[in-house]
Structures are given as structure tokens and as C-alpha cells.
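Q: Before we start, here is the structure in question, set down as C-alpha cells.
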Amino acid sequence: MLGGLCPSDVALVLRHCPERANVLFSNAMISRSVARARALYSVIISEDPSEYAISGLGSTHFATITAGDCEKRTIGAEGGGGSSKCSKCSKCNANEAVTGSSCLQCFRSALYAKFRQAVTSHATILPTDNLLLAFSGGSASRVALQFVHEMQQKAQRNSDASRDKSYPVFGVGVAFVDESAAFPIPSTQMEQAIQDMTSIVSSLASPVKNLHVIPIENICHSKSMDGRNRLKELLHNITDITGKEDFIRQLRLLCLQKAASENGYDKLILGSCASTIAHHVIAATVKGQGYSLPADIQYVDARWEIPVMLPLRDCLGQELSMLCLLDSLKTLDVFNGGSSGVNRLVSSFIALLREENPARECTIVRTAEKLIPFHFNKLLETDDSDDFMTSRWHRKRMNLRPRESIASEFLCAICSSPLNKSDVESLRHELHCRTSMSERCELTCCRSCQFQVLPKEPSSVEQFYSLLPQCIITQMKNHTYGDFDILREQIEDCLLSDSDDDS
Amino acid sequence: MEESEATTKKPRSRQCCICKDRRAALKRPKNLEQICRECFYDAFEEEIHKVIVQNQLFKPGERVAVGASGGKDSTVLAYVMSELNRRHQYGLELFLLSVDEGITGYRDDSLETVKRNEIQYGLPLKIVSYKDLYGWSMDEIVKAIGLKNNCTFCGVFRRQVRELIYFVFARPVVSLIPALDRGAALLKVDKLVTGHNADDIAETVLLNILRGDIARLGRCTSITTGEDGTIPRCKPFNFENLDDIDTYAYFKKLDYFSTECIYSPNAYRGFAREFIKDLERIRPRAILDIIKSGEDFRISTTTKMPEQGTCERCGYISSQKWCKACVLLEGLNRGLPKLGIGRTRGRNGQQRDAPQTNGGMKNIGSKQCGTLDF
């Protein structure tokens, strides 16, 4: 499938907007996808393959559609031999339906409405915020970037039009994590991708957005070569392929957190869509993470120093890919190791379900929504959100004791998932007795990480521990499973409100 | 010679890693340990015993019906239950209970197996048939409604059978359901045990996520269900893998009948089953992990759950005016076989998500036949 689109979608696009079909097809997909499209619909293809010319988007996995691959039919006279379907949009009843039963405008505004709804009901974007948007090149994060940009533009126009022109407009930065240290990607490919990304971000330049390219090895060490080696060695110690993948994903998030806090951003926006969430629900269930599952799938995730927001949570991946195609939003296909092991199985399972019923992903997300979220799935309310300094100060208060201030949940040191109460009880008891770091390592992690990330041999654990990023090591060192809180309770009366006087 | 790698999974010689004495005859599917036959039997039986004791499944003197379909799971269940009852003196009165849906070529063959089990294990057998209870056998139903949605009928009827058993004894007989007295007086049942294994539970967890059935999702991992006014049902094999059960049946040379229900080639459960099989190949512990996730799910109390009332026609618990079985029966008897089949979609009778209904029909998902499902 092409970015989550099924053959009939591809055919629809080709039929209605052939001039916009600047698309990339992988060699493998082309014969399957287009051949099936031919079988299902009459497709209008130009004789000239250059009409499908690629706009240089950096991926090596593509080929053009040649005229010979598809049935040639000319765009006949209306009512002639060409397209047999010519229905009106069911919403506005004016334009021709392009996708499903909506025209392009209604389709786009429906998606934007979902985005806006998520933003306003969860205070995701406030005028004083400085947002960092994580951009992978894929269609979901591209749409997130586009929508955030449009929202920013509108706020800017409002600000310019206002009388005192002091109405603040939120800032936006874009971050890309370069994972070439973890996967073998030819450097030319990565350079090309970064170039393309720069051009995408600069094309959205009013207001200007900074692009931060973050090599993933930075989280291990600030010097590039050392970082790369440490990372390679660290990953080498993880034998389970699913564990490795999940660990890299966690490192990616830590990189983004680090970049956000070092560059003065308040919030991190991810383009995770409903399809990503559905995948995560099934994958987490299968890995035994049923307790912590609700933490990762809400609009807001404030476990972190920089809260993470998911404004595209209600949009399906298919819809977002379709929008990118129809609106010619440039996407990149940056190779990131693909998925393997359990994650890949889950992907193919969901793809199968999607074929049987395209709305299945929505049902999965809806089911998971009925699970109780955690208290950190809500942002801390600030009294005075207009005053920039106050909200900073409020936020600093929350971060006075990061992680430990989240009193009622204990988080895994590696993947930050909340630990089940019964697990905590047994771990807490053991933690008192064990002092060696390799034992602490195991006892500060959730069962899933213990199984799939930590090395099995106790001797390897020492080495593994020494290679971990500093932030994870700190987590492991400081974990006490609650003694701090009991202590705090006892001395509660003596504490002054803004003092740092902790015992 | 000392076996120094007692805890590793593959000792150098083919010795059982538990008793270190006898020759290993198999690799235990659950954890790939090399183990001899006797230790495997002991381990397996001990695990079941522990589950029964830790979860306090039974009390001495109870009459316990063992759901017997003639398949591997229920044969092993009957064998193990009677073994443990004897060995650990549970003090239970066990008997086999079999449901005859009336499917030629499938159920009549497996019933022969159950009859043999009755003799082999010394447990009395009671057969309850759809034809006796409802006046319709599955073959007749399929003739009337075709091959779609037949799983709905079978599942609904079967689910109700156990209630009717309890019912008729405890409440006045409702005359609309014919010929129940015939078997009912013999059936005083306190508990029902079924052979649902870890694979079944894992599939059910996944299915409930896929279909949005949050109410069932919260209940399906419990070892005991249905204590609210209906016959409690226990699943002692909850944590045993299907492969382990199969291996036990094979080595003990138990008598079973192995085939799939002929009417359910494409039930929706098949999706989940395939996925789990693939998963198990790369990560054997995934099945138990799924069950653990299911146990750990905490469902929001603000979620609307279906309200429980009673059926006007027969008094069975129902969230609608009439229970599903009565609706389906009415349809069959009036020659309107589609009555009561909700909005189905997709191929081959796959059901829509179970809705929080407010007047529409409550859909019960189809389960793959082959295990006795109450």
C-alpha cells in the first residue's frame, strides 16, 4: 500500500486529479497497486510519463508509472466513455466528490476541524507557547506541520490586524531526528532528505520556523563520533529485535525532549494519528503493557519535562495520506529501519483488518479511550496563562522535582510507562535489599523492558547500564518507589510554599 | 555426571531438566524446557491444582458439570478434573454435560467420543439437545436461514442452555420452552467448568478490543464468571497454552474427536487466531502477556454498560424486552429467520461492533465452534 492508501483510493486520485498525481510509487507497489486500480476503475492516464514526474523528494524507492502499465482511456466527453461516477459532495452539494463522498474542500476542512477541536479542548496551543513539532517526513507529521502553520498564520494575521499589535502569536519550530547512527542509511540519502526538509520548512516561512536536525547519538554523548559508537554498542546489547525498535523509539523521544528544553520550547507536538494509536493499542496489549496503555494514547502526555501533545489523534492515516496527495503536500520517505518482529506483525494484522473494514482502527481507538487515563494525561492548569512569566513559573513549580512530583505513579526508567501497583510493591521491597547497579537496573524497569530490552546475562547488564544515556541512568539511580513521598507527607507542615528545602 | 546448567533451557544431554533422571521426551511448548513425560504430567497437573486452590474455584460437596464436547480441551479437562478431585480430595460430584446442537457429521461424531469418555473416566453423562429445548436443531436452522449468521443462533442458544438448566430447577417452568422437564430434574448444577485455554482467552481479549465490546473486555480474563444469579462458570485452563494441552492429550493417549465445526469456516475469530499463532512463533510468552494486559485494563466507570433486566417471554436476563434467544426462536417459528439478526456487515456473517443499544438488537459475536462455549 502506498502510505496507507488502498488501490481504489489511488485510482480515485488518478482519475480526478491526474495533474496532482506527483506521487512516488515503490517498485514493488507499482504493479500491484495500479494493476488492481485498472481492474476496478477506468483510469485516466496520460501518454506522457513526465506528467507523473517526481519532484525530487529524496527517496530511492520509487519509479514512475509508465503509460504501458495502465489502461489508456482518454478523458471522454461528459457522459461519454470516461468516468461513470460523477457524484456531488454530500456535505456542500456543490463540488464533485473526490474522496468518499466529499469534495476536496470539505474533506480538508473536516480534517482541520478535528485538529482544531483537539487543540482547543485540551489547551494544546496557547498564544504564549513556543511549540516544537516533531517531523518525520511522513504524511501525518506533514499534515500536522501544515495545520499548525495555518493556525499560526491566522493568529499572525489577527495580531497584525489588532489595534495594539501586542497580541502574542505562538512560535513554531520543527525538529527532525536523524537516526542514521542506528540504521544503515547511505549518507547521501540522508543529506538529500535534510535538504528537502529544509526546503519544506522554509516554504512555510511566514512566520519563520527553525529547523533542528538532531542526530540520535546526541542523547548518548555530545561528541558525534563517541556518541555513534556508544549508541551502536548499546544497541548491540539488545538482542530482542522488538526491544531494540521500541528502545530506539524511546531514544527518539528523549532526543526531542532534550532539543525542546535546550532551545526554549514549551510543548512538543507529535503527528501521531489514529492509525498509529490503533497500532500502539494492539502492540502494547500483546507485550503485556495493558496497565500503561492509556498513558500513551491521550491528547496530552505530561509525564515529561516538555509535555507531549497529539492533536491529530482523531484522524486516520489513510485520510492524512490522501490529503497530502490531493493538496500536493510534500512528504519524504526517510528510511528508519522499517519495523520487524512483533511490531511488524501487528502492522500487517491491522492492514488486514483495515481491508476488511476501514473503520476498524477507529473502533480500536474508541475501545482504548474507555480505559482510565492517568493524571498526567491532563495539563496542569495555570491561573494566569496570559502572563508569560507566570506560566513559566508555574511550570517550573511542576518541574521542581521531575518525575517524583508525579506522586501516585511510578514510571519505568527506560520507557516511562507507569507501573502496576502490585509490581511496584514487589519491586519496592527488593530495591531496599539490592544495591548493585545491575540489580537496580532491573528493578527500576517495567516487565516488558525487563524482558525485551535488558540483557539476559547479569554480567552484560553492567556494561549495558554504563552505556545508557545519562537521563535514564539518573532515573535508575534516584528511584525509591515512594519513600520520598512518605517523608514529604511527614514534614508537610514545615515546608514553605516556594522553598527548595527538601530533606 | 553433574548437570551444571540446571536453569538453562537446553542442557547438553537429553535429560529431563526437572528430575535429571529420566530421558527427556518432549520440549514443553510453554517455556521450551526439555522434560520427561512424568515430570510434564506432574507439572501440568500441579499448575491446574494451584489455579483451582489459589482462586478458590470449588467448595466440597458441589455438583460440578464438566462441559464436554469431545474435543481435546474438554477431554483433558474431564480427565484432569477427575484425577485432581480424587488425588486432592476436592469432594466434588463431577459429571459430563454435553450439548447436542444437531449438526450431522460433526456433533453426532463427537458425541460418540463423549459417550466413550463417560465409560473411560467413570463420570455420568448428560446430553442436552437444541432440538429438545427449542424444537430446532442446527441443521434445521441452517436450512431455514442459510450459512450466514448461523453462528449467532448456535452461540446464543448454547449460552442460554446453562441458564435454562439452573432456571427450571429454581423457578416455575415457562411453558413456551418445550420438553425441558425431561432432563432438568436430573440436573442440579452448582458450577460449570469449561476447557477454555490461554489461547482462547487471548483471542477473546483481542476480539473484544477490535469490536469495541468494553463490557466483555472487562470480564473475559476472569477465571470465574457469571456469579450474579446465573450458574458460575470456571476456566481452570485459563493459563495453559493450547499446545501444552494438546501435548498432554497426546502423551496420555486420551480419546478425543478433532475437527472444526462445518458451519464456521470464516468466523471473525479466525483473524485473531491467525495473528496469535504468528505471534506465538516469534514470542511464545505473548499469549500470557495478552491475558495479563486484559487483566490490567481498568475501565472507566463513566462508560455506559448495558443495563440488565429480564426477558418478558422467558425470564432470562436480558437488556432488551425479549432476550436474544426468544427473538431468534420467534423468527424461526414465524418463518422470518432474519428477525433478530442485527445490522451485519462484511463477509460471511461477521458481526458489527456490539453497540450500547437503545432499542436496536443486541449482537452477540460469533465464536468459532470446536470448543464447548457456555
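Note: Cβ is positioned from N, Cα and C throughout, glycine not excepted.
Here's the feature list from TrEMBL:
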type: BINDING; residues: B:Gly67, B:Ala68, B:Ser69, B:Asp73, B:Val99, B:Gly195, B:Asp200; note: ATP binding site
type: COMPBIAS; residues: B:347-374; note: compositional bias 'Polar residues'
type: DOMAIN; residues: B:309-339; note: domain 'Cytoplasmic tRNA 2-thiolation protein 1 C-terminal'
type: REGION; residues: B:341-374; note: region 'Disordered'
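How buried are the listed features, and what sits near them?
A: B:Asp200 (ATP binding site) falls within a helix when secondary structure is assigned with DSSP.
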Q: Can you count the other CB atoms that lie within 10 A of the CB of B:Gly195 (ATP binding site)?
A: 26
Q: Just how spread out is the ATP site if you go by the largest Cα to Cα distance in Å among B:Gly67, B:Ala68, B:Ser69, B:Asp73, B:Val99, B:Gly195, B:Asp200?
A: 19
Q: Averaged over the whole of the domain 'Cytoplasmic tRNA 2-thiolation protein 1 C-terminal' (B:309-339), what is the pLDDT?
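A: Value for the domain 'Cytoplasmic tRNA 2-thiolation protein 1 C-terminal' (B:309-339), mean pLDDT as a whole number: 73.
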Q: Quick one: among the binding-site residues B:Ala68, B:Val99, which has the most Cβ atoms sitting within 10 Å of its own Cβ?
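A: For the binding-site residues B:Ala68, B:Val99, the Cβ with the most other Cβ atoms within 10 Å is B:Ala68.
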